[in-house]
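Colleague: One structure, as structure tokens, below. Some questions next.
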Amino acid sequence: MTDLSEKVRAWGRRLVVGAAAAATLPGLIGIAGGAATANAFSRPGLPVEYLQVPSAGMGRDIKVQFQSGGNGSPAVYLLDGLRAQDDYNGWDINTPAFEWYYQSGLSVIMPVGGQSSFYADWYQPACGKAGCSTYKWETFLTSELPQYLASNKGVKSTGSAAVGISMSGSSAMILAVNHPNQFVYAGSLSALLDPSQGMGPSLIGLAMGDAGGYKADAMWGPSSDPAWQRNDPSLQIPALVGNNTRLWVYCGNGTPSELGGANMPAEFLENFVRSSNLKFQDAYNAAGGHNAVFNFNANGTHSWEYWGAQLNAMKPDLQSALGASSGGGG
């Protein structure tokens, strides 16, 4: 076979994969906001508070679910998926995360809302099917919220962790890149880790349109805008390595296990994002990174059962990295 024939065949494969993704991804990428799992919500009686935190940047109060790890405790920010709801954070809807982390010495913080936001400061108003609002989520998470928690709840404003799923996995890493003193730990579960590359911007735009009717251009401008590169974890590896950020990176392969998640959307999407995670690991190692856990299991779909299992497995690592004192809180 000639070199030209090989190139044509390779281009054809890319076009087929791209077309399939473009047709399928809009309804899939936000699956993280779907129906609750059988293990949804923590048991009653836990000291979970529902805070209304003022945000000058967004011009409204933001609901935050909070469980204290004790005075002076480090914080774990659990970030939601693309279809984040306005009533509860997806981690609470779909897992007993508060129960898992009760008396762990870690304050658990779940911001509520932010559908399709990527937890970013958007260029323009976020206009969707429900109307327009201001999205300045990075400002909220890195300035307004930590100041409020330090002043009112005794939570450390530095040495924290950000853990995200799907949409917010890349957000967790970018928060650590941009705010290394606040976020010394970033957990990314089943995220697309090269969003600026290839068809990434187009597919993200389609998915955001499906999840609330939002436009990616309002977030970071056209795909040629440098904001896309600034928010691409695969291009920010030198900063993550240089800051010695502790990373926990997970992605399944689209094959369900006994945990569940056996449905076509969850299987397709997990398999779709896996390659970006494998490439990220290779680039991280090549850059001299040595402070990461990579879990690329021989099973796992794009669903809460697997993300919950990872959050459970992550707890001792979080406690060690953040210097938490077990038994704190409650």
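Each Cβ is built from the backbone N, Cα and C atoms, and glycine gets one as well.
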Colleague: Ranges 32-42, 98-108, 175-185: which does Swiss-Prot label region 'Fibronectin-binding'?
Modeller: 98-108
Colleague: For the substrate site, Swiss-Prot lists L82, R83, D194, F272, V273, R274, S275, K279, H302, S303, W304; sort out which one of S55, S166, S171, S223 goes with them.
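Modeller: So, going by the record in Swiss-Prot, that would be S166.
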Colleague: According to Swiss-Prot, which residue among C127, C251 is joined to C132 by a disulfide bond?
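Modeller: Disulfide partner per Swiss-Prot record: C127.
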Colleague: Among the recorded positions C127, C132, E270, H302, which residue has the fewest other Cβ atoms within 10 Å of its own Cβ?
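Modeller: C132, out of the recorded positions C127, C132, E270, H302, has the fewest neighbouring Cβ atoms within 10 Å.
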Colleague: List the recorded positions among C127, C132, H302 whose C-alpha is within 10 Å of the C-alpha of E270 (active site), in sequence order, or say none.
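Modeller: Within 10 Å Cα-Cα: H302.
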Colleague: Please report the distance from the Cα of C127 (disulfide bond) to the Cα of H302 (active site), rounded to the nearest angstrom.
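Modeller: Just about 27 Å between their Cα atoms.
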Colleague: Quick check: in three-state DSSP terms, what is H302 (active site)?
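Modeller: Assignment for H302 (active site) reads coil.
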